[in-house]
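Taken verbatim from TrEMBL:
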- 497-521: transmembrane segment (TRANSMEM)
- 541-561: transmembrane segment (TRANSMEM)
- 632-657: transmembrane segment (TRANSMEM)
- 669-689: transmembrane segment (TRANSMEM)
- 709-731: transmembrane segment (TRANSMEM)
- 743-762: transmembrane segment (TRANSMEM)
- 795-814: transmembrane segment (TRANSMEM)
- 850-869: transmembrane segment (TRANSMEM)
- 890-911: transmembrane segment (TRANSMEM)
- 926-946: transmembrane segment (TRANSMEM)
């Protein structure tokens, strides 16, 4: 005897969670394979240069058969993290003067007054511009790899050859103070180290104060050869307050005083016989930052940083013939300042040549002539005998030519080793071109050696006028090095096309399977009038598919990826206008249509302003985007309003939530627990915001409870609520409740468990985001309810699901996020905590990033599926229909995300050689892939929770 139809239907419904798990497994495998092929970076060779390395006889002339001689005795490297170029260069070099310019006056004065020994460089970094990649690239002399972005919270020790390894191996003593990332990268390379935790972006002073404590005393000691001091205040001030802010200006002014003390100390100890007689000072940034304080991408603001070099001992005047004089301007005091440009790729090779240590094996940079010439030691005539040069410039040119000769041999050695061991290597025609350039440069060397030294004393002559033969030799070596660097930048990443294609095929296969599952699910509970159902669902499916296809196709353009939030808002508004037009045709235009249209306008302006990024602090400046409004009421009134209004708005949000909860939950214990937990959480959020305002700065209780205890209390209540909601789902007997009520209770409990934590992490914008979210959800649900009541059909509306998805995308961008690593709001990870823990801070950052775009939208999807049903319907039939609709909605939402991610993968595959692949397309893929897996996981949990 066959089982009843209701049992068969229920068994099918209970099998859906297992199918969702299978989809998660397939997507995980697809993402793994594609990522393995796409982000398979260059092969890191486990080879190190040695002092005994010599080029084979005949490969290079005798003049460059050994590593360069030491030119400086001691090196001081002061790293100012996220140092923008316009922090150092005089404001006269820019079209418009800004408040943060001309604060590092000590560097500008040195560059103007001591032209032969001080120089400002515009240093160009290679993206990605996160600190880990930049430090690794600076010390290895190679290009950064995208895969290292994932290690930014826990940097692994570097095993590739680097200048730190060479310093230790060649007996140099290194002292480090500041950012503890150095210790993570080089755990056994320092004679002394004073590391300080670096990931609490809200802390502007701990790292800097630690450096200040040890920096000046260390300069008086003779127990080191290289000193590294890494300040973080400017980077953290940018992340929290932005560039145009008072804390940023204070930090720059503080750095100016510190640098004055460093320079005075070096100058006082640089007399003959002093410990700093032959010392070189470098003040540099590892990368720049945007006006919002972000970095990680490849924009001009992020890749342009500064390097300032100063030698206490002045080189001869002939150095001016080497230094670039094409970019000069007068400063604010009317004195001429010249600025040069260099690639950060050249840093490792240049430092190695100055310190007289072997170049790192994988370094592909060029010894920068201007930075090399600023050291007095490079002007010492080291070629004694009959061919000794009597002219400073010719002697320096000969020395530099020999340095470049060794530089080129080392790079050519690396090219040969890399090509023979790497799976793919470089294209054969490019390798042949590089080999020809190298051979041509070495052939020209014999002519350079025969050059006799001039006895002229006109050291101020231009370089090309002094010795064209040596200049041609230098140019030949430079062309070789720059050509290979260009080749490496264009073809460094090795793509495993087989893995990429298999991953892509799995994604396409999963989309087809999900679509078939959706079709099959629609057949489980077919309405009696199939013709009516088809005529109603086909137009909606077509329209929904068109919206998904348009959004997915936009990823083929980098411009549309940058404007993804606006594209999603445009498509959401299109669906809203279409719905309103359809209602007007029927003569049933509702208030929900009008509210939804109005909401889209607010969302559009919210995305444009970028709420959290344009409002990093409560204070408003005259240049702020809402400054025009504040001019009417006064800036002080606006600032007070900005401090109080979010708390008032939070009270409104709390009232709405409590009012809804009191009607939604009927069980007494659960109702009072959720109500009290929600109330305490929102009060704690208000206390936390109040503790950050100037109005309550003198209130001890608010300060003590609000800054640390209040956020932790919110997190604890949230975690306890999640546990109770799971236990309630497992052990509570809810079969006596109607399905509508049961789903409502489950949804309300789980949403109230997550929402306070997300509100806390979003900051002061949270109440406005919550109101937009609730209003948008209400409009979508009400419009869905009215449509399904009119049609009397039991299938889920695909247009409502795509609207839900588009609203989630809009909220992601509305809250100041975007799909690049500089779009991560690192400050949210430290709300309530001062110290870094990778799991804790990683979890909080993930909740902040994906809270309003993934967690809340997916967990609230059942509201679309069940609110329209009449409670007078037979409960057994109603239960099956609602469960079927919830599964449909979850499956549709997952399918939309899968289609979007599949098109992203196709786009990345097509654009893998695009100029912005690592700065834009690759981060977009990473965010979409993580979003897809998170969506699948949440759908699995939701299907188990609500089934």
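Glycine residues also receive a Cβ, built from the backbone N, Cα and C atoms like all the rest.
Keep in mind that TrEMBL annotations are predicted by a computer and have not been checked by a curator.
Taking Cβ pairs closer than 8 Å, the transmembrane segment (926-946) reaches residues 16-17, 20-21, 23-24, 27-28, 31, 34-35, 149, 726, 729, 743, 746-747, 750, 819, 850, 853-855, 858-859, 861-862, 883, 886-887, 890, 893-894, 897-898, 900-901, 904 in its own chain, all 6 or more past its ends. Segment contact is absent for the transmembrane segment (743-762) and the transmembrane segment (890-911), given fewer than three CB pairs below 8 angstroms at sequence separation of 6 or more. Among the listed stretches 497-521, 795-814, 850-869, the one sharing the most Cβ pairs under 8 Å with the transmembrane segment (890-911) is 497-521.
Long-range contacts of the transmembrane segment (795-814) within the same chain, counting only residues at least 6 positions beyond its ends with a Cβ under 8 Å from a Cβ of the stretch, are 522, 527, 533, 537, 540-541, 543-544, 547-548, 551, 564-565, 568-569, 571-572, 575-576, 579, 603, 606-607, 610-611, 769, 772-773, 776-777, 780-781, 783-784, 787-788, 852-854, 857, 861, 864-865, 885, 888-889, 892-893, 896-897.
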